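Engineer: The structure that follows is given in the form of structure tokens.
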Amino acid sequence: MKLTCVLIIAVLFLIVCQLNTADDSRDKQEYRAVRLRDAIRNSRGSRSCGNLGESCSAHRCCPGLMCMGEASICIPY
């Protein structure tokens with residue numbers, strides 16, 4: 001009997017949490033495409049040059065940086 005009550009309370013608690021989360025995120029999907037575009041634009045694979053401290057073995061360093069060292073990382077001139 002106690003186990004049944006605990007299970008019922010746990011299920012009700014989880015349902016309330018899901019409903020509360022779904023209600024909070026209802027209006028935030030409006031700009032989803034913009035966030036996705038920005039994430040793709042800023043991803044490591046889409047950049048054409050490496051920033052300070054990044055590896056330059058797969059791509060060239062950004063302007064003002066040069067590839068140097070055994071680890072092949074981008075450093076300032």
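If you go along the chain as it appears here, the first residue is 1 and each next one adds 1.
Keep in mind that glycine also has a Cβ here, set from the backbone N, Cα and C atoms.
Just lifted these from Swiss-Prot, have a look:
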SIGNAL    1-22  signal peptide
DISULFID  Cys49-Cys62  disulfide bond
DISULFID  Cys56-Cys67  disulfide bond
DISULFID  Cys61-Cys74  disulfide bond
Engineer: In whole Å, note down how far the CA of Cys74 (disulfide bond) lies from the CA of Cys62 (disulfide bond).
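Structural biologist: Cα-Cα, rounded: 8 Å.
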Engineer: By Cβ distance under 8 Å, which residues at least 6 away from the ends of the signal peptide (1-22) in the same chain are close to it?
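Structural biologist: For the signal peptide (1-22), there are no sequence-distant neighbours (Cβ-Cβ under 8 Å, at least 6 residues beyond its ends): none.
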Engineer: Could you measure between Cys61 (disulfide bond) and Cys49 (disulfide bond) for me? Cα positions, answer in whole angstrom.
Structural biologist: 5
Engineer: According to DSSP, does Cys67 (disulfide bond) fall in a helix, a strand, or coil?
Structural biologist: strand
Engineer: Write down the Cα-Cα distance for Cys56 (disulfide bond) and Cys74 (disulfide bond), rounded and given in Å.
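Structural biologist: Taking the Cα atoms only, Cys74 (disulfide bond) lies 6 Å from Cys56 (disulfide bond).
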Engineer: Counting only other Cβ atoms and using a 10 Å cut-off, which of the disulfide-bonded residues Cys49, Cys56 scores lowest?
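Structural biologist: Relative to the other disulfide-bonded residues in Cys49, Cys56, Cys49 has the fewest Cβ atoms within 10 Å.
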Engineer: Let me make sure I understand the structure: which of the disulfide-bonded residues listed (Cys62, Cys74) has the fewest other Cβ atoms within 10 A of its Cβ?
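Structural biologist: Cys62, out of the disulfide-bonded residues Cys62, Cys74, has the fewest neighbouring Cβ atoms within 10 Å.
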Engineer: Could you check the disulfide-bonded residues Cys61, Cys67 and say which one's CB has the most other CB atoms within 10 Å?
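Structural biologist: Counting every other Cβ within 10 Å of each candidate, the maximum falls on Cys61.
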Engineer: Can you tell me how far the Cα of Cys49 (disulfide bond) sits from the Cα of Cys56 (disulfide bond), in Å?
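Structural biologist: With the alpha carbons as reference points, the distance is 8 Å.
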